[in-house]
């Protein structure tokens with residue numbers, strides 16, 4: 001079976017070099033039958049040589065999680081619900097390998113939880129109250145946890161007063177929820193079809209139990225909606241004409257055909273995963289063990305021992321019997337990224353109080369990059385009356401990850417990062433709009449975005465330096481992966497040279513976010529104490545537009561890649577910063593692609609490319625709310641806001657361009673909720689995609705895994 005690309009296999013082989021001298025993995029078994037299978041596995045692996053396996057027995061998945069966190073075991077396989085538990089404090093375990101299901105031609109590492117209804121029934125997801133519901137079983141992901149978690153805001157549930165089942169029983173007019181206590185909650189068993197003691201039973205003795213049972217409950221007309229997984233409809237209705245009689249309820253309160261489950265689902269549920277410690281977790285060794293084990297004992301590999309099989313009368317020991325193999329999970333993926341925001345939200349909704357849930361739904365959590373942005377964000381939060389609160393990360397990629405996990409809601413990004421965020425599933429919400437002579441008569445909020453000019457700036461005194469003579473010079477960049485400072489100039493250079501060896505093109509550089517040991521970080525300065533050199537946030541003195549221009553102004557670099565406004569904002573007395581207050585605009589020139597140079601006043605005829613405006617991004621399910629809150633916030637704290645400058649200004653910073661660009665006039669609406677490709681434009685997306693062939697980022701690798 002060929003389920004692994006060479007890159008994944010080579011990553012597994014890397015464990016040979018990086019593993020501890022004693023190549024042993026302590027596997028945690030949660031029962032005597034599991035321990036017995038583990039012992040059989042141990043014996044067979046011993047014959048193959050390293051890595052070896054030792055079997056540790058505990059009484060439950062939670063006990064295994066504790067053993068791994070306490071360094072008394074190394075690995076265990078968990079379902080998605082327990083992966084969530086394992087990722088919480090104090091355990092902080094992360095998934096390192098995922099089980100693969102499906103077929104060799106169509107391998108899957110997740111399924112979709114969906115709400116199925118009959119075509120012609122006249123209600124949407126937010127109109128389910130009073131309808132009749134069919135569930136596969138109490139406590140099951142697709143049949144209970146996810147739909148009930150998503151419906152939680154509509155439930156009249158006081159946590160301390162009653163169990164959740166009581167609120168669900170009142171919400172639906174009648175239900176079939178196998179495994180529930182029918183005496184305590186008769187309404188939740190009312191639609192079930194089992195006879196006598198088998199009514200509402202937690203087994204196939206109840207005809208409406210399980211995925212197919214819940215769908216049959218809908219088919220028979222007993223219920224109005226069935227909560228199942230996407231394959232259930234296809235398995236029970238192989239003919240398209242029959243499937244066309246059913247539809248899916250979408251989170252945006254619309255309906256879609258049953259084959260549109262990738263766009264219309266309640267949540268994506270990942271497969272079972274092997275978890276390990278986040279620090280000193282032996283993940284390379286664990287992957288080597290799994291890779292060798294599946295090669296020798298995987299599907300149809302061995303009669304004497306089957307890794308994905310259990311003795312008669314037993315099921316899913318150590319791994320699911322239906323698994324085909326494993327795929328390695330990228331190191332950037334923690335438990336929250338693995339589970340996804342929709343699934344996480346559903347689980348959180350089942351745990352939080354009504355007050356916590358309301359607060360989370362109404363506020364917007366903004367992600368600040370670095371301490372200076374955090375400080376400004378805290379001021380914003382205080383002035384907003386906590387309508388906006390703050391999360392903080394050390395890099396933009398880490399902020400994007402927080403939004404993906406639902407730990408933050410939004411941030412404003414440069415076009416290069418919009419590309420990354422878009423590849424990860426986030427969407428543009430509003431654009432930073434500057435003053436415009438072309439559309440001066442239009443309301444800024446409704447005005448089309450015009451983009452900005454990416455330029456290469458040099459000192460006038462550096463005579464003879466042109467675009468064609470940059471090789472071997474010293475360069476200043478806003479940050480790796482940013483538009484004007486990296487993507488545009490380095491994309492042009494890569495196209496001209498046919499090489500991705502950027503560290504060899506320039507003699508030295510400051511490109512925050514690059515490898516600190518490389519020449520691309522040689523010119524960076526860090527903070528006032530010389531710490532955090534080359535970090536992609538405001539701790540690095542030469543980070544961002546202003547930082548890259550300062551790098552040039554202080555004669556550290558020969559050329560700065562910035563936007564055309566940067567020179568104007570930091571010369572001729574426009575900036576009060578000590579390093580900039582005496583700078584003259586006439587002392588700088590622009591490099592044109594034709595090999596000439598021009599004054600900075602002639603940027604319209606001497607630029608590298610037109611770059612898309614910075615834009616706010618969020619998850620699609622939060623986009624409308626983020627826009628609503630931002631419109632209100634800029635009415636208070638925008639350029640012409642009633643509380644700016646007296647209390648707080650969104651588009652003004654003590655240093656430069658914190659949270660938003662300082663030259664932003666307003667945040668503008670984006671008509672029709674465009675995709676990231678449409679917002680950035682085909683040419684720009686193609687250019688970045690080509691540049692990413694030179695090098696990708698851990699976050700892009702993680703998102704490629706999560707969205708495949």
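Each residue, glycine too, has its Cβ placed from N, Cα and C.
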- Query: So Swiss-Prot lists 79, 111, 211 for Fe(3+) 1; which of 272, 477, 614 goes with them?
  - Reply: 272
- Which of these, 439, 452, 676, does Swiss-Prot say binds Fe(3+) 2 at the same site as 414, 545, 614? 452
- Query: In whole Å, how far is residue 545 (Fe(3+) 2 binding site) from residue 478 (hydrogencarbonate 2 binding site) when you measure between their Cα atoms?
  - Reply: 5
- Message: Under 8 Å between C-beta atoms and at least six apart in sequence, can you list the same-chain neighbours of residue 482 (hydrogencarbonate 2 binding site), or say none if there are none?
- Response: 414, 416, 417
- Task: Using C-alpha positions only, work out which of the recorded positions 176, 545, 606, 614, 703 is nearest to residue 202 (disulfide bond).
- Result: 176
- Number of other Cβ atoms within 10 Å of the Cβ of residue 176 (disulfide bond) across all protein chains: 32
- Query: Among the disulfide-bonded residues 38, 202, 217, 606, which residue has the largest number of other Cβ atoms within 10 Å of its own Cβ?
  - Reply: 217
- One should report the C-alpha separation between residue 192 (disulfide bond) and residue 614 (Fe(3+) 2 binding site), rounded to whole angstrom, as 54
- Under a three-state reduction of DSSP output, how is residue 399 (disulfide bond) classified: helix, strand, or coil? helix
- Let me know how many other Cβ atoms fall within 10 Å of the Cβ of residue 134 (disulfide bond). 29
